[in-house]
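Undergrad: Okay, here's the structure, questions in a sec.
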Amino acid sequence: MKNVLSIQSHVVYGFAGNKSATFPMQLLGVDVWALNTVQFSNHTQYGKWTGMVIPQEQIREIVTGLDNIEKLQECDALLSGYLGSAEQVDQILFALEQIKLRNPNALYLCDPVMPHPKKICVVANGVREALIEKAIPVADIMTPNLHELRQLTEFPINTFDDVLKAVNALIAKGVKKVLVKHLGSAGKINDPDTFEIIMATPEGVWHLSRPLYQFNFEPVGVGDLIAGTFLANLLNGKSDVEAFEAMNNEVAGVMKTTFELGSYELQTIAARFEILNPSSNYKAEKVA
């Protein structure tokens, strides 16, 4: 069994961060060692919540504890998501350094969660700068959305060609795989009823589209689900393209179930059979 140290947010109610990623990854046969960066009552897009940011020292202590019982050599990947402070970025890098010492083949997937002007997504000051300065140079995989891609590269991105230039800039900095979630108005198809996503590697760029469900309130945690299931499929031995397609069909099933149930929260439990055996078969097209 493959193991992932997943360092991201936790919500008591609902599905975001580790709550969104853990169960689907376990369904796919990958164990998740969940280490929380924050513990909130619910995700921040409700507009009100309670809870706390986990002190950065606690992350280091937990990682050291895993090393003390000689378990870091069993860690196949590090996954990072929502961070509660810029200082936590340093602890992510500490965790990566320790894991790589024990298992040089371990992967690092960085989901660079950043504040969004149209969403109540509260991210601490300095996180963006710390991710750009410290995470990009060491990440094997990054999974930004379109807004986060703009912030990471500081490129103006309005067209599909702009997206390609931006992802190639990240690849040039050493990131081996870049997934850009929900291209929106910068998509290749640019249809409001279509969800578009790309995967870029040094070997090329692949594009995939599927229906975009029109929720009254867009569920949170979809990016966490995408990052987690893509990583799980890679660890299960699938090729880049196979993992990209599998993830998209698994996530499509979760979104379909969530929409049909009229839920604001992702319905990963209700959609468990869609994760295990997706009913859709969307395929990726190489576009560059």
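Note: Cβ is positioned from N, Cα and C throughout, glycine not excepted.
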Undergrad: Let me know which member of Ser9, Ser185, Ser239 Swiss-Prot also records as binding substrate at the site of Thr44, Gln45, Asp224.
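TA: Answer per Swiss-Prot: Ser9.
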Undergrad: Select one of Asp111, Asp161, Asp162: the residue that Swiss-Prot places in the ATP site alongside Glu148, Lys181.
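TA: As annotated by Swiss-Prot, Glu148, Lys181 share the ATP site with Asp111, chosen from Asp111, Asp161, Asp162.
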Undergrad: If you measure Gln45 (substrate binding site) to Lys181 (ATP binding site) at Cα, how many Å is it?
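TA: It is 19 Å, counting Cα to Cα.
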Undergrad: How far is it from Thr44 (substrate binding site) to Asp111 (ATP binding site), counting Cα to Cα, in Å?
TA: 17
Undergrad: Between Glu148 (ATP binding site) and Asp224 (substrate binding site), how many Å separate their Cα atoms?
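TA: Glu148 (ATP binding site) to Asp224 (substrate binding site), Cα-Cα distance: 14 Å.
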Undergrad: When you tally the Cβ atoms that lie within 10 Å of each candidate's Cβ, which of the binding-site residues (Ser9, Gln45, Asp111, Glu148, Lys181) has the highest tally?
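TA: Counting every other Cβ within 10 Å of each candidate, the maximum falls on Asp111.
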Undergrad: Fewest other Cβ atoms within 10 Å: which of the binding-site residues Thr44, Asp224 wins that one? Let me know.
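TA: With the binding-site residues Thr44, Asp224, fewest surrounding Cβ atoms within 10 Å: Thr44.
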